[in-house]
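Pulled from TrEMBL, these are the features on record:
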- D223: active site, proton acceptor (ACT_SITE)
- G104, R167, G168, G192, D193, G194, T195: ATP binding site (BINDING)
- D193: Mg(2+) binding site (BINDING)
- T221, V222, D223, M266, G267, R268, E322, Y379, M380, I381, R382: substrate binding site (BINDING)
- 96-403: domain 'Phosphofructokinase' (DOMAIN)
- G194: site 'Important for substrate specificity' (SITE)
Amino acid sequence: MDLDSSTTATEFPLPPFTLAPLPHLSDYLPSLPSLPNPIDCIPFYHQSAGFYIASSDVILRHIVFDLSSSAPPSPLIAYHRAGPRRTVRFDPSAVRAAIVTCGGLCPGINTVIRELVVGLWEIYGVRQVFGVPSGYPGFYSADPVPLDPKMVDSWHKMGGTALTTSRGGFDLGKIVDAIERHGFNQVYCIGGDGTMRGAAKLYEEIRRRRLYVSLMGIPKTVDNDIGIIDRSFGFQTAVEMAQHAINAAHVEAESAVNGIGLVKLMGRSAGHIALHATLSSRDVDCCLIPENDFYLEGKGGLLEFLDQRLKKNGHAVLVVAEGAGQDMIPRTEAQKEMDESGNPVFLDVGAWLKTELKGWWEREHPDELFTVKYIDPTYMIRAVPANATDNLYCTLLAHSAIHGVMAGYTGFVSGPINGIYGYIPLEEVAVAKNLVDVKDHKWAWHFVSMTCSPQCQKHK
């Protein structure tokens, strides 16, 4: 069938799909009461038809199909849509909610905390909300901090996390014991992939003990490497802030004789920040990411490409994600260890590249001027407050989380799937990765627009 020449609407049946299970407290506490949603009592807002989300409202994970294929499509995955339910499983007056932030910093953490507190207070009438200091260890090693809307009012204007954070210290038994001891029955875990893996274990232990506790995760990683959801909060702020570093590198390179501006951006396993910042900047000559191997020496290598750019333009700008080229950097035995979150210790690819570039120029052009300006804006980027787009996103994430927890769902993550907010099982998010698809058009645009030599990168 030639769909391009069709002048009439063509109908196609929806392929079969599997609805991902969404854990609920009633799975192991069947006698939980159902209560009217307190939103019904808000005097200044009247719900329109369709305001409350039904259990039959779902979102497809994949929405792109090849209609010309004769092969039967693989079963699709669908997730429950996020939002307020008509009934809730918590009496607001009996709720004791705990909020914890774990792992590294990211723009927007304080916004999520603020909106969780304000949403619980103003939407559902909850009055006992606590912050857990110092990450997961804070459950059993620190006193919870009472939070209210007045205290968190301006937190969204601050970078970092007002609750403080840490890596490691995850002791499953001690944390769940502390949750019981403090009487928490709602737990909101904000963090990256390591935090989500920990949250999945906490949910399983809470379920094993048959506790009346709903636990959920709000994914935070500036690298944008958490799978299934469209993006993680803080990513767009990071791309915006990376422009300042790239602009500075461009000015430095352009102002020198044979100048190279080298910028290292965050991205341990995924090069999303480097790629998006490169495409946004228009001043980058080459972008190196973990998903695509590259080589330095020989025909079509990075050094040959940079030599050509310097001869043509007199300067070049190179952006590299922190996880790129790690297998090329010499390591000692001590440098092969894991960090507190269980991630491999990464060496500084920017400093290594700077040394390699200087050595190459001294060998090949010993009598010519050459400058490499290396900029690492990592801590400047991750410590800033969220921009307007991420602030809005953090608000929607927090409110989606509250609606799901109040409805009795547990062991889930809230996030946008193809632009629609949904609830995803924690165990799926804990293992799903979002890597740059080097076969996608966006990666191809990098070559077309940024004129990076395609030979110096090994296509997979």
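Glycine is no exception: its Cβ is also placed from the backbone N, Cα and C atoms.
Annotations in TrEMBL come from automatic prediction, not curation.
Sequence features, as recorded in TrEMBL, placed on the structure.
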{"residue": "G104", "record": "ATP binding site", "Cβ contacts under 8 Å, 6 or more apart": "T165, R167, G192, V222, R382"}
{"residue": "D193", "record": "ATP binding site", "Cβ contacts under 8 Å, 6 or more apart": "P219, T221, D225, I226, A430, K433"}
{"residue": "T195", "record": "ATP binding site", "Cβ contacts under 8 Å, 6 or more apart": "C102, G103, Y136, C189, G217, K220"}
{"residue": "D223", "record": "active site, proton acceptor", "Cβ contacts under 8 Å, 6 or more apart": "G192, S232, F235, M266, G267, R268, S269, A270, H272, I273"}
{"residue": "E322", "record": "substrate binding site", "Cβ contacts under 8 Å, 6 or more apart": "K264, L265, M266, G267, R268, F346, D348, V349, G350, T378"}
{"residue": "M380", "record": "substrate binding site", "Cβ contacts under 8 Å, 6 or more apart": "M241, A245"}
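By a simple count of nearby Cβ atoms, those within 10 Å, the most crowded of the binding-site residues G192, G194, G267 is G267.
Every protein chain considered, the tally of other Cβ atoms within 10 Å of the Cβ of G168 (ATP binding site) stands at 15. The number of other Cβ atoms within 10 Å of the Cβ belonging to T221 (substrate binding site), over all protein chains shown, comes to 26.
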